[in-house]
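Novice: Pasting in a structure now, in structure tokens, and then I'll have a few things to ask.
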Amino acid sequence: MEQLLGIKLGCLFALLALTLGCGLTPICFKWFQIDAARGHHRLVLRLLGCISAGVFLGAGFMHMTAEALEEIESQIQKFMVQNRSASERNSSGDADSAHMEYPYGELIISLGFFFVFFLESLALQCCPGAAGGSTVQDEEWGGAHIFELHSHGHLPSPSKGPLRALVLLLSLSFHSVFEGLAVGLQPTVAATVQLCLAVLAHKGLVVFGVGMRLVHLGTSSRWAVFSILLLALMSPLGLAVGLAVTGGDSEGGRGLAQAVLEGVAAGTFLYVTFLEILPRELASPEAPLAKWSCVAAGFAFMAFIALWA
């Protein structure tokens, strides 16, 4: 028991150190600032951004969405079994079967997607004056020739970037808490180490991508560091909670509530991935095949890690 506790505490500090190191690297080194980059340097940063976009895409589909769907289905099955009497089993078995076949997980993830869509639309409706955007972003996104040459259609307004960055941080924070919670609840040393290594493998790349995203959005260094620090604390927080509640009772809908929150977080993450990250990285027309290769490489790496996650 003491060995298991020591391993989990080691995982806690490893998660904290890796997240801080990977997240702060793009913020602390000026080489990653795309605004001042020119020529080959700028293209390399663009391709790194495409790799991070592929990592986000893989994390959204292969980890967050997959885990949310599995957990929601499992918790709904438990919830329905616990709240069904013997008489109801005999009289409404067909109805229960129909309820079990309904895609609850997909619905919850979609609700998370539309919830953020609504919040963003509401913010833009209430603050129409914010549509101006920053000078740097206007230079990067402006220029009618980009819209004419590129086939991806109209790009999102640059003023939405900070809001979507906030949504990205919140969704990743939720997911990080649940990842840490899962590590903290593991019953054996082998299971704890295996899950922690899987989390470390994909979390490092994801947080590095978050750091790059904050830098490219022109976030001040102070707020960027503060954001990474908060994100870094989420997995250790979840792990600490897992240690505190090990052996506790998961009845009373607590597991279902956790699964629903994870589904909503997955939906918000997909929203930001498809409407902010991918369009921004694919906006400029240079090296389209190289960009595709980088996005595919990032996704493939996350799909490979999903074998052990």
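First residue shown is number 1, and so on along the chain.
The backbone N, Cα and C atoms fix where each Cβ goes, glycine too.
Pasting the feature list from Swiss-Prot:
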- 1-8: topological domain 'Extracellular' (TOPO_DOM)
- 9-29: transmembrane segment (TRANSMEM)
- 30-46: topological domain 'Cytoplasmic' (TOPO_DOM)
- 47-67: transmembrane segment (TRANSMEM)
- H63: site 'Critical for the pH sensitivity' (SITE)
- 68-103: topological domain 'Extracellular' (TOPO_DOM)
- 104-124: transmembrane segment (TRANSMEM)
- 125-164: topological domain 'Cytoplasmic' (TOPO_DOM)
- 165-185: transmembrane segment (TRANSMEM)
- H175, E179, H202, E276: Zn(2+) binding site (BINDING)
- 186-189: topological domain 'Extracellular' (TOPO_DOM)
- 190-210: transmembrane segment (TRANSMEM)
- 211-224: topological domain 'Cytoplasmic' (TOPO_DOM)
- 225-245: transmembrane segment (TRANSMEM)
- 246-258: topological domain 'Extracellular' (TOPO_DOM)
- 259-279: transmembrane segment (TRANSMEM)
- 280-288: topological domain 'Cytoplasmic' (TOPO_DOM)
- 289-309: transmembrane segment (TRANSMEM)
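Can you walk me through where each of these features ends up in the structure?
Specialist: Mean predicted confidence for the topological domain 'Extracellular' (1-8): the pLDDT average there is 82.
Under 8 Å from some Cβ of the transmembrane segment (9-29) lie the Cβ atoms of residues 180, 183, 192-193, 196, 199-200, 203-205, 207-208, 210-212, 214-215, 221, 224-225, 228-229, 231-233, 235-236, 239-240, all in the same chain and six or more residues away from its ends.
DSSP assigns H63 (site 'Critical for the pH sensitivity') to a helix.
Non-local neighbours of the transmembrane segment (165-185) in the same chain are 8, 11-12, 15, 64, 67, 112, 116, 119-120, 192, 195-196, 199, 203, 206, 210, 213-214, 217, 219, 227, 230-231, 234-243, 245-246, 258, 261-262, 264-266, 268-269, 271-272, 276-277; each lies 6+ residues outside the stretch with a CB under 8 Å from one of its CB atoms.
Every protein chain shown contributes to the tally, and the Cβ of E276 (Zn(2+) binding site) ends up with 24 other Cβ atoms within 10 Å. DSSP assigns E276 (Zn(2+) binding site) to a helix.
Residue counts for the topological domain 'Cytoplasmic' (211-224) under DSSP (helix as H, G, I; strand as E, B; rest coil) come to 10 helix, 0 strand, 4 coil.
Panel annotation: around the transmembrane segment (259-279), residues 52-53, 56-57, 59-61, 64-65, 67-69, 71-72, 74-76, 105, 108-117, 152, 155-156, 160-161, 164-165, 167-168, 170-172, 174-175, 178, 213, 295 of the same chain, lying at least six beyond its termini, place a Cβ under 8 Å from a Cβ of the stretch.
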Novice: Going along the chain, which residues six or more apart from H175 (Zn(2+) binding site) have their CB under 8 A from its CB?
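Specialist: Sequence-distant Cβ neighbours: M64, E262, A265, A266, F269.
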Novice: Check the transmembrane segment (47-67) against each of 104-124, 190-210, 289-309 and return whichever range has the most CB pairs under 8 Å.
Specialist: 289-309
Novice: Does the transmembrane segment (190-210) make contact with the transmembrane segment (104-124) through 3 or more Cβ pairs under 8 Å, each pair 6 or more apart in sequence?
Specialist: no
Novice: Just to verify a number: CA distance, H202 (Zn(2+) binding site) to H63 (site 'Critical for the pH sensitivity'), in angstrom, no decimals.
Specialist: 9
Novice: If one measures from the C-alpha of H63 (site 'Critical for the pH sensitivity') to the C-alpha of E179 (Zn(2+) binding site), what distance in angstrom results, rounded to a whole number?
Specialist: 10
